[in-house]
Amino acid sequence: MGIIKILHTLFGIFGNITGLFLFLAPMITFRRVIMNRSTEQFSGMPYVMTLLNCLLSTWYGLPFVSPNNILVSIINGTGAGLEAFYVVVFLIFAPRKEKAKISGILFVVLSIFSTVALVSMLALHGQKRKVFSGFAAAIFSIIMYGSPLSIMRLVIKTKSVEYMPFFLSLFVFLCGTSWFVYGLLGKDPFIAVPNGVGGLLGTAQLILYAIYRGNKGQSKKSEEDGRSDMELGKSQEKEKEKEIPNTQNGDAKA
């Protein structure tokens, strides 16, 4: 039992380290967003869903909800602060339509968290509180891990990994796997199951990155080459049109 408890703590610490890198990974993306003053084709959905997951997981890890899971609260509380920053930056630079969409989802996210916290505190106690909060955290953890599926579809469609940062995919895999083991050792399905799903989706993202890593930015280059070819074709057509009247004039003089 002693060894299991030590391993449980060690994987929790490792989960905190990989989780911190996971939450910091989007800094590269948002540096680009701020510099270009545009969110381009980046999706705001993963950051809003991650914010909800962090809030619910922080709540679940608190001692009066789920004993012996304070490491869960520490990293997810930190993550909630970082994700809130990303969401604010995204809203500042997003197009009007996307801004309205993400604002609406953010309102729903905050409403869900407030409802879960209030119900679990005022209406539930002991094991019932843990189960209710655990289910909520697990469901939205799975949704969070699944939110990059739209980006994965974009990668397959464009055959380019430009909008799926490598380090984000890497730390999704590492974080999901470490917390999966932590949940198994602690016999906590509310931690093990969603993070097991996260580890699998992280693996899928890394496989996609390995397949299309050489095509980064190729879609833009192809579009530019296509435009250049079209412009060249148009200029050649205009030259031919000029040559035809000249030829006709020459024949008339003959």
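Heads up, the Cβ atoms here are built off N, Cα and C, so glycines get one too.
Non-local neighbours of the transmembrane segment (6-30) in the same chain are 42, 47, 50, 71-72, 74-76, 78-79, 82-83, 86, 89-90, 165, 167-168, 171-172, 174-175, 178-179, 181-182, 185-186; each lies 6+ residues outside the stretch with a CB under 8 Å from one of its CB atoms. Sequence annotations record features per position, and here TrEMBL assigns transmembrane segment to 6-30 (among others).
Here TrEMBL flags 42-62 (among others) as transmembrane segment. Within the chain, the transmembrane segment (42-62) has long-range Cβ neighbours (under 8 A, six or more residues past its boundaries) at 23, 26, 29, 33, 69-74, 76-77, 79-80, 83-84, 86-87, 90-91, 94, 98, 101-102, 105-106, 109, 112-113, 116-117, 120, 130, 133-134, 136-137, 140-141, 143-144, 147-148, 150-151, 163, 190.
For 74-93 (among others), the entry in TrEMBL reads transmembrane segment. Long-range contacts of the transmembrane segment (74-93) within the same chain: residues 15-16, 19-20, 22-24, 26, 30, 33-34, 37-39, 42, 44, 47-48, 50-51, 53-55, 57-58, 61, 99, 102-103, 106, each at least 6 residues beyond the stretch ends and with a Cβ under 8 Å from a Cβ of the stretch.
The feature transmembrane segment is assigned by TrEMBL to 105-125 (among others).
Here TrEMBL flags 131-151 (among others) as transmembrane segment.
When Cβ-Cβ distances below 8 Å are used as the criterion, the transmembrane segment (163-185) is approached by residues 4, 7-8, 11-12, 14-15, 18-19, 21-22, 25-26, 28-29, 40-42, 71, 145, 148, 151-152, 154-155, 191-193, 195-203, 205-206, 208-209, 213 of the same chain, each at least six residues removed from its ends. The transmembrane segment annotation in TrEMBL covers 163-185 (among others).
Within the same chain, residues 69, 72, 137-139, 141-142, 144-146, 148-149, 152, 155-156, 159-161, 164, 166, 169-180, 182-184 sit at least 6 positions outside the transmembrane segment (191-212) and bring their C-beta atoms closer than 8 Å to a C-beta of that stretch. The transmembrane segment feature in TrEMBL is assigned to 191-212 (among others).
The region 'Disordered' annotation in TrEMBL covers 216-254.
According to TrEMBL, the compositional bias 'Basic and acidic residues' annotation covers 220-244.
According to TrEMBL, the feature compositional bias 'Polar residues' maps to 245-254.
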